[in-house]
Amino acid sequence: MATHYDLVVVGSGPGGQKAAIAGAKLGKRVALVERRRELVGGVCLHTGTIPSKTMREAILHLSGFRQREVYADQYRSRGNITMDDLRQKLAHVSEREWDVIQDQFDRNGVKTIVGEARFVGPHAIEVVGEGEPLYLSADKILLAPGTKPSRPEHIPFDGRTVFDSDEFLNLDHIPRSMIVVGGGVIGVEYGLMFATLGVRVTIIDGRDRLLDFCDREVVDSLVYNARSMGVTFRLGENVADVRRLKGGSVAVELESGKRVLGETVLFSVGRQGDTESLNLEAAGLKPDKRGRLYANERFQTEVPHIYAVGDIVGFPALASASMEQGRQAVGNAFGVPNTDMGEIPYGLFTVPEISLIGKTERQLTEEHVPYEVGLARFSEIARGQIVGDHTGLMKLLFHRETREILGVHAIGDSATEIIHIGQAVMRLGGTLNYFRDTVFNYPTMAECYKVAALDGLNKLTAYADDDEESEKLAPPPSQAVAEPAGEPAAIGAEHANVGACNAAN
Ligand SMILES: Cc1cc2nc3c(=O)[nH]c(=O)nc-3n(C[C@H](O)[C@H](O)[C@H](O)COP(=O)(O)OP(=O)(O)OC[C@H]3O[C@@H](n4cnc5c(N)ncnc54)[C@H](O)[C@@H]3O)c2cc1C
Ligand SMILES: NC(=O)c1ccc[n+]([C@@H]2O[C@H](COP(=O)([O-])OP(=O)(O)OC[C@H]3O[C@@H](n4cnc5c(N)ncnc54)[C@H](O)[C@@H]3O)[C@@H](O)[C@H]2O)c1
């Protein structure tokens, strides 16, 4: 006999969590199914966002990265930092987060069911856990099963020398060298973290440019910083094979014939939907070839009472967006109107960190938008000096005529935090004038906005001066039509009349 719920959620990552709580807040009877109790929190809490960001923070702290120029001697030598040091903080953070999530479910009356969910009908789910299977039925079902790393079949993954990104946290020691295959966000984040510890890192990617969705100047700055930490990039190169060698190291063979040797290899070549266990056919659903599900703008799959959110629906595949998708999907399911999420910011926790919102210069150029750039360099910001960031920068892209903010791109300390100031101004329809006229706390990284805005306005003034200058040089309006050189004035006057007529039209 099946137990009936208004809403059954599959997966307890950010998407599932917020969906379940939103349902409970609407007074609905909600059950959430998660494979194993210790996995509550999803990829985000156990193998993805939270562990990688906690490890990054531990690395920056223990290596004294931020103040390395001033206090270098007072920090532990990078060679003495161990994986256990890095994992110590990780256990603490994930236990705390796990408690917070579980407590939220309990407080809101979300029934958590441990076991693997599979469809046995469009409204019916079987949960296979430790004991007898449980049967659930629901008016609405929300799928947030997330993704798992892509593992090309011919690669000899062993979780000791050749890792995928979910296994990577199990490294037993900090290697001397590391090859990262796949220079997407995961590969670049982990690669640069370990380079900070003095590991010799090589990043290989099939594309010619890294992180193509970011501003080019920002990526150039990242690459410059990475090279100064000894990182080697092999771009435009595809991996043909990986072989473990007798001495314990690993050889990565590239299609071009090159060979890269290292102590460990991290494969971060994308992720695919974790849908195999769901028996989707029984619900009338079919994933794409990367295991992902289609969802419309209301997060409805092809079967209207089944919703899907988070990484399983693809872009942008972020914890941040997944949470909001979960909340909005449940609003849609139970008739509560939602508003548009607006532009989604990106935060890349590379070393140094990167953040962006809105359009890039490349997009604006392709769209023929008349834009200008206001630039702030962290080396000119007092807070930049205090925190020891001399290479960071922030760019404000704005419309040359309306001064509307079109994009913000930053690299350096606190970039992922300060981006939200730009986001708020963009969302609320503010212009560059807001930054010109508003007083910010000092010394803070937020000062970048003021500096960038003034820089941008100075460029506009230069245009205005130029326009004035052109006006001074230009003939009076009655003659302001191009005259072929050497033509008699009378002909020019005739043309002027045509011009005036056109202007009146
Ligand atoms: C290394 C790494 C770093 C990242 N860093 C960031 C970052 O800094 N910022 C950011 O915004 N995003 C980051 N992400 C992305 C972020 O982790 C994901 O976008 C987010 O976790 C997706 O959430 P989700 O709700 O789709 O599900 P997930 O977090 O993927 O969780 C899905 C859950 O569903 C469960 N499940 C699956 N199938 C079943 C089933 N049949 N029955 C029961 N349970 C099931 C799984 O066990 C899992 O617990 C990172 C990802 C990785 C891998
Ligand atoms: N800070 C963050 O927001 C954050 C951090 C980590 C992960 N994530 C999320 O996790 C998702 C997965 O990240 P990812 O980095 O694994 O995937 P990705 O798809 O972003 O990058 C994979 C990279 O691997 C390269 N590649 C694929 N096969 C290759 C081969 N054989 N040889 C060489 N290069 C190859 C691709 O060209 C691509 O650049 C992302 O979509 C992202 O949204 C977000």
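Glycine residues also receive a Cβ, built from the backbone N, Cα and C atoms like all the rest.
Pulled from TrEMBL:
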type	residues	note
DOMAIN	5-326	domain 'FAD/NAD(P)-binding'
BINDING	K53, D311	FAD binding site
BINDING	G182, G183, G184, V185, I186, G187, V188, E189, G270	NAD(+) binding site
DOMAIN	344-452	domain 'Pyridine nucleotide-disulphide oxidoreductase dimerisation'
REGION	465-489	region 'Disordered'
COMPBIAS	480-489	compositional bias 'Low complexity'
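A map of TrEMBL features onto the structure.
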residue: K53; record: FAD binding site; DSSP class: helix
residue: G182; record: NAD(+) binding site; DSSP class: coil
residue: V188; record: NAD(+) binding site; DSSP class: helix
residue: G270; record: NAD(+) binding site; DSSP class: coil
residue: D311; record: FAD binding site; DSSP class: helix
Report task. Filter the binding-site residues G182, I186, D311 down to those with CB closer than 6 A to an atom of ligand 1; keep them in sequence order. Result -> I186, D311
Query raised in the report: Setting G182, G183, G184, V185, I186, G187, V188, E189, G270 aside, what same-chain residues sit with their Cβ within 8 Å of the center of the Cβ atoms that define the NAD(+) site, listed in sequence order?
Result: V180, Y190, G191, D205, S268
Query raised in the report: Given the NAD(+) binding site residues G182, G183, G184, V185, I186, G187, V188, E189, G270 in the record, what is the largest Cα to Cα distance, rounded to whole Å?
Result: 14
Report task. Could you list, ordered by sequence, which of these binding-site residues: K53, G184, V188, D311, have a Cβ under 6 Å from ligand 2? Result -> G184
Requested in this report: Give, as a single whole number between 0 and 100, the mean pLDDT over the domain 'Pyridine nucleotide-disulphide oxidoreductase dimerisation' (344-452).
Outcome: 97
Requested in this report: Count the residues of the domain 'Pyridine nucleotide-disulphide oxidoreductase dimerisation' (344-452) that DSSP assigns to helix (H, G, I), to strand (E, B) and to coil, and report the three numbers in that order.
Outcome: 40 helix, 31 strand, 38 coil
Report summary line: For G270 (NAD(+) binding site), the number of neighbouring Cβ atoms whose distance to its own Cβ is within 10 Å equals 15
**Report entry** When distances run from the Cα of K53 (FAD binding site) to each of the binding-site residues G182, G184, I186, G270, the nearest one
**Finding:** I186
Query raised in the report: What number of additional C-beta atoms lies within 10 angstroms of the C-beta atom of K53 (FAD binding site)?
Result: 19
Report summary line: Quick note, V188 (NAD(+) binding site): same-chain residues at least 6 apart with CB under 8 Å of its CB -> V180, I203, L210, L211, L222, L348, T350
Report task. Quick one: give me the count of other CB atoms within 10 A of the CB of G182 (NAD(+) binding site). Result -> 23
Query - Euclidean distance between Cα atoms of D311 (FAD binding site) and G182 (NAD(+) binding site), Å - result: 19
Query raised in the report: Minimum Cβ neighbour count within 10 Å among the binding-site residues G184, I186, D311: which residue?
Result: G184
Query raised in the report: Between the binding-site residues G184, I186, G270, which lies closest to D311 (FAD binding site), Cα to Cα?
Result: G270
